[in-house]
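Taken from TrEMBL, the feature active site, proton acceptor applies to A:His21. What TrEMBL records for A:Arg17, A:Asp18, A:Ser171, A:His198, A:Tyr289 is substrate binding site. What TrEMBL records for A:Asp18, A:His198, A:His200 is Mn(2+) binding site. The site 'Transition state stabilizer' annotation in TrEMBL covers A:Arg17.
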Number of protein chains: 2
Amino acid sequence: MQRKSEKPIKITEVCLRDGSHVVAHQFTEEQVRDVAQALDAAGMHYIEVSHGDGLGGSTIQYGRSRVNEMKLIETAVSVCKQATVAVLLIPGIGTVNELKQAQELGAGLVRVATHVTEADVSAQHIHLARELGMEALGFLMMAHSAPVDKLVEQAKLMESYGAQAVYVTDSAGALLPHEVRERIAALRQSLDIEIGFHAHNNLSLAMANTLAAIEEGATRIDGSMRCLGAGAGNTQTEVLVAVLERLGIDVGIDLYQMMDVAEEIVGPILPGSQEIKKGSLVMGYAGVYSSFLLHAERAGKRFGIDPRDILIELGRRKAVGGQEDMIIDVAAELAKRQGKGA
Amino acid sequence: MQRKSEKPIKITEVCLRDGSHVVAHQFTEEQVRDVAQALDAAGMHYIEVSHGDGLGGSTIQYGRSRVNEMKLIETAVSVCKQATVAVLLIPGIGTVNELKQAQELGAGLVRVATHVTEADVSAQHIHLARELGMEALGFLMMAHSAPVDKLVEQAKLMESYGAQAVYVTDSAGALLPHEVRERIAALRQSLDIEIGFHAHNNLSLAMANTLAAIEEGATRIDGSMRCLGAGAGNTQTEVLVAVLERLGIDVGIDLYQMMDVAEEIVGPILPGSQEIKKGSLVMGYAGVYSSFLLHAERAGKRFGIDPRDILIELGRRKAVGGQEDMIIDVAAELAKRQGKGA
């Protein structure tokens, strides 16, 4: 493996944020404290703590958190001796007030996340974060659904707002390794800031894509212990540390401690197994949000067609979150085409 | 992705053989019938059915099968309309008699498996299989533990015996993608027969390594539905079919049917989850057989050292199955080096 960057790789552990989806946002203070403390001791660089949908996500729509995320952030900060506590903010869900509060509680980094074509909504939050002295990074979600030049254009916007890195975020776990390569390479050529990569494992490619990203020069990498993240989970962090060691890439994180944290602290939190099952496989194959699955199943029943056909068509049309209405239209059209009716 | 072969990819489903380890060799006739029938209907090319350690593996040492594997082979053959039923044979465990019997029952392909440095013991079984009119393939296990030129030398031996393909078998899930590439490329250059690849997912690299192998020209690929295989399981077959479709590689296997078989027929057989846990991660990182894990834990306790140190040292020394005695020696040495004693 030949790395196209001499900068050190910085790992962000997302199990306490992306994994929030898996536990229906029911993390307890004790769980967050134990995981953060153990990861900090193992040498983890960044630990992200927020509702699964970022700051302010605890709502009827996105699912109520058991414990206020500010309390969880405070808890994580209180036990971290060297790791930086990070937060996620999706403009429209989270606000500047929540960002200020998180910063006051000790969060040192924010990732401002937008759909891959909507970077412009990140401007004020990136500006504010920099003013507050936080690290401010951009996070372009559903990165598979935009052409490479569009992705570059949007990343450059985030850079112009002051983002110190931009992530290619493969929210649906839909990217193939060569698609990751071309995206990271294009960003490397066009930006002066660091490039990050956030994988999901829906196609069993999280590790492959992560290594492809690192090879092309990405230096900010996300992982989740025991794959505790949405869909089929993320790049499994403790395995990533092992693979990087085998590749001779030193990240200064203790492998044995990571194995122990995964087994003894994160393992017992898992509500079920993080394997690739039908739902997450379809999601990765079609390239759609998991929130579409249930709607597609209902529409499939109503119109007598396979819900997978609906999801794949939605993926072709690049449907984004919030466009669940489109599902009925697509289902009706497909039913007509297949000679079936509701 | 650029494939270096124009030959079609042939998939062998190993969940009914490698997965036998996971269910402690307790497959029932009904399970084998249901899985084989559904996979055959989906278009699977080869379905391997044998004890986890191959023909004749049902012993006190390797674990008794619940149902005689000949009965299971017969059952699978009886429901396959187009798929070929394959068997595994490890010389020293299986014998020519069992091979003849399997062939009479309708098995059409045998993979003769040896440690990567011991290909010479495969000669008589490959010869016999060819005489019987079976497809006869070589299967070089623990392929990570030999230098590339040794692997090539051993593969050429198998070719000289009449093997129609030779597999790079990553038994411990220890190979990194660039190591797979160099092995497949070297074999392609030196052999006139097809090259196969059998992955394990201990480092979360089964899919990455499988794609690397295909890119370098491997045309025989193994997978297991729902990762039902030893260690962390194999390349997940239904996911592989999805990824190959996305890459534009047509294998003639129905994706939706594969998803349904995985969810509805194989899923309920899983005794637990096939995630990457501590044991399988250590095995992949150290590059040792899973049978060493328990011995290393015992020796670790006795000598007051971390069992992982023992396993990593065993990996360095390229310990092979059957050399469990070495574990005590290594543990004693490490304890001395670390200033500890039994």
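Note that Cβ sites are derived from N, Cα and C of the backbone, with glycine treated the same way.
According to its DSSP assignment, A:His21 (active site, proton acceptor) is helical. For the residue listed as 'active site, proton acceptor', other Cβ atoms within 10 Å of its Cβ number 20. Between A:Arg17 (substrate binding site) and A:His200 (Mn(2+) binding site), the C-alpha separation comes to 14 Å. For A:His200 (Mn(2+) binding site), the same-chain residues lying six or more positions away in sequence with a CB closer than 8 A to its CB are A:Asp170, A:Ser171, A:Ala172, A:Gly173, A:Ala206, A:Gly229, A:Ala230, A:Gly231, A:Ala232, A:Gly233, A:Asn234, A:Gly284.
A:Tyr289 (substrate binding site) and A:His21 (active site, proton acceptor) have their C-alpha atoms 13 Å apart, to the nearest angstrom.
Taking the mean position of the Cβ atoms of A:Asp18, A:His198, A:His200 as the Mn(2+) site, the remaining same-chain residues with a Cβ inside 8 Å of that point are A:Val14, A:Thr169, A:Asp170, A:Ser171, A:Gly173, A:Ala199, A:Asp222, A:Ser224, A:Gly229, A:Ala230, A:Gly231, A:Gly233, A:Asn234. DSSP classifies A:Tyr289 (substrate binding site) as coil under the three-state reduction. Of all Cβ atoms in the shown protein chains, 31 besides its own fall within 10 Å of the Cβ of A:His198 (substrate binding site).
The substrate-binding residues named in the record, A:Arg17, A:Asp18, A:Ser171, A:His198, A:Tyr289, extend over a maximum Cα to Cα distance of 17 Å. The separation of A:His198 (substrate binding site) from A:His21 (active site, proton acceptor), Cα to Cα, is 16 Å. When secondary structure is read from DSSP and collapsed to three states, A:His200 (Mn(2+) binding site) falls in the coil class. For A:Asp18 (substrate binding site), the same-chain residues 6+ apart in sequence whose C-beta sits under 8 angstroms from its C-beta are A:Glu48, A:Gly52, A:Asp222, A:Ser224, A:Leu228, A:Gly229, A:Ala230, A:Gly233, A:Asn234. Its Cβ taken as reference, A:Arg17 (substrate binding site) is surrounded by 29 other Cβ atoms within 10 Å in the chains shown. The DSSP secondary structure for A:Ser171 (substrate binding site) is coil.
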